[in-house]
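Copied over from TrEMBL, here are the features:
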type	residues	note
ACT_SITE	Asp132	active site, proton acceptor
BINDING	Gly14, Arg75, Cys76, Gly105, Asp106, Gly107, Thr108	ATP binding site
BINDING	Arg24, Ser25, Val26, Val27, Arg28, Arg159, Gly190, Ala191, Glu192, Lys218, Ser219, Ser220	ADP binding site
BINDING	Asp106	Mg(2+) binding site
BINDING	Thr130, Ile131, Asp132, Arg167, Met174, Gly175, Arg176, Glu227, Lys251, His257, Leu258, Gln259, Arg260	substrate binding site
DOMAIN	6-283	domain 'Phosphofructokinase'
Amino acid sequence: MHKISKLAVLTSGGDAPGMNPCIRSVVRTAIYNKLQVVGIRRGYQGLIEDDMYDMEARSVSNILNLGGTILKTARCLPFRSDEGMEIAYQNLKKHGIDALVVIGGDGTFTGALRFSKKFPDIAVMGVPGTIDNDLYGSTYTLGFDTATNTVIEAIDKIRDTADAHDRLFFVEVMGRDSGAIALRAGISCGAEAILLPEKATAIEDLIKNLKTGSSNKKSSSIVIVAEGDKNGGAYDIAKKVQKEVKSYDVKVTILGHLQRGGSPSAFDRILGSRLGFAAVNALLSGKSQMMVGLEANHIKITGLEEALNQHEFKLEEDLMQMAEILSI
Ligand code: ATP
């Protein structure tokens with residue numbers, strides 16, 4: 001086990017609220033343990049371009065409440081090549097960095113694992129940061145709770161106007177491969193239907209449901225569509241439904257990038273703090289090529305290899321069934 005003296009931290013892939021509390025936690029836990037700390041800007045891009053700076057406890061003052069990431073993030077093509085990884089490694093060696101905390105999603109972890117297998121003298125620890133909540137090894141990922149709350153706030157407002165006008169709204173939320181936000185928001189807002197990438201919904205069944213709701217005196221209906229649903233986007237689905245369901249005026253809202261922003265919720269601030277703290281302590285205890293996560297409210301450490309191999313999207317059937325029953 002090699003002793004760590006200098007640690008770097010980066011955020012990579014899609015930004016997620018809660019990344020800042022996590023950066024703060026990593027920096028201060030490392031400083032408490034007498035490590036030097038370096039912040040790398042724009043994920044793996046900054047690693048390759050040698051865009052990094054020394055951080056102190058005061059570098060992370062007053063950032064708990066900030067959305068986004070003070071380190072910025074990026075998608076970096078050159079890091080996928082051996083040449084790019086070699087440059088990144090040389091930059092880390094030049095600065096005497098021997099440990100790396102990467103905060104991001106499965107792409108970020110895939111890159112980190114490949115890099116660490118090539119250059120095992122750099123210890124690597126992953127922190128799950130993505131609004132999609134689609135990583136094995138952690139029940140929740142950073143940003144998911146805040147994004148879901150943002151969606152709920154927006155849909156509550158849509159419900160007001162939908163109700164006033166007897167309208168049917170299709171609301172598209174983020175989730176190309178994951179219906180996690182759509183499902184939680186659907187339960188929280190009493191959506192009449194939830195369309196997810198993990199489960200095929202026949203348009204005919206959706207139409208039947210909406211007609212039943214209308215004849216049951218529902219004054220408004222909201223259908224939440226995760227962007228990765230196989231029927232197409234909210235506009236396409238709305239067009240098909242409009243032809244058949246004449247009792248409602250049909251409208252579409254795409255929530256888009258507002259779902260990524262905003263001050264992190266209490267849950268994400270605490271999760272970011274816990275995961276950052278755990279990541280540094282795991283590195284100090286000699287662990288590498290792993291990720292920290294939260295399961296049953298306890299920190300769990302999973303090998304990156306296992307986390308990436310196990311990666312699959314699981315529909316929470318029980319929640320889906322409950323949502324259907326509660327929206328009759
Ligand atoms: P999100 O879930 O929010 O999209 P992510 O971490 O999955 O986050 P990606 O864009 O997929 O986001 O990955 C982030 C970065 O990780 C990529 O831009 C790239 O630099 C690096 N990366 C992804 N896959 C690989 C790979 N196979 N080899 C090396 N690096 C990779």
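Quick reminder: no glycine exception, Cβ is built from N, Cα and C everywhere.
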For the recorded positions listed here (Asp106, Asp132, Glu192), which one has the lowest count of neighbouring CB atoms within 10 Å of its own CB?
Asp106
Using Cα coordinates, what distance in whole Å links Val26 (ADP binding site) and Thr130 (substrate binding site)?
17
Going by Cα-Cα distance, which of the binding-site residues (Gly14, Arg24, Gly105) sits nearest to Met174 (substrate binding site)?
Gly14
Please list the binding-site residues from Val26, Asp106, Arg260 whose Cβ falls under 6 Å of any atom in ligand 1.
Asp106
Show which residues of the chain containing Leu258 (substrate binding site), separated from it by at least 6 in sequence, have their CB under 8 Å from its CB.
Thr150, Ala154
Show, in sequence order, which residues other than Gly14, Arg75, Cys76, Gly105, Asp106, Gly107, Thr108 on the same chain lie with their Cβ within 8 Å of the centre of the Cβ atoms of the ATP site.
Ser12, Gly13, Gly43, Gly104, Gly111, Thr130
Per-residue Cβ crowding (10 Å cut-off), top of binding-site residues Val26, Cys76, Met174
Val26
Between Arg24 (ADP binding site) and Asp132 (active site, proton acceptor), how far is it from one CA atom to the other, in Å?
22
Does DSSP put Lys251 (substrate binding site) in a helix, in a strand, or in coil?
strand
As a whole number of Å, the Cα atom of Ser219 (ADP binding site) is distant from the Cα atom of Lys251 (substrate binding site) by 14
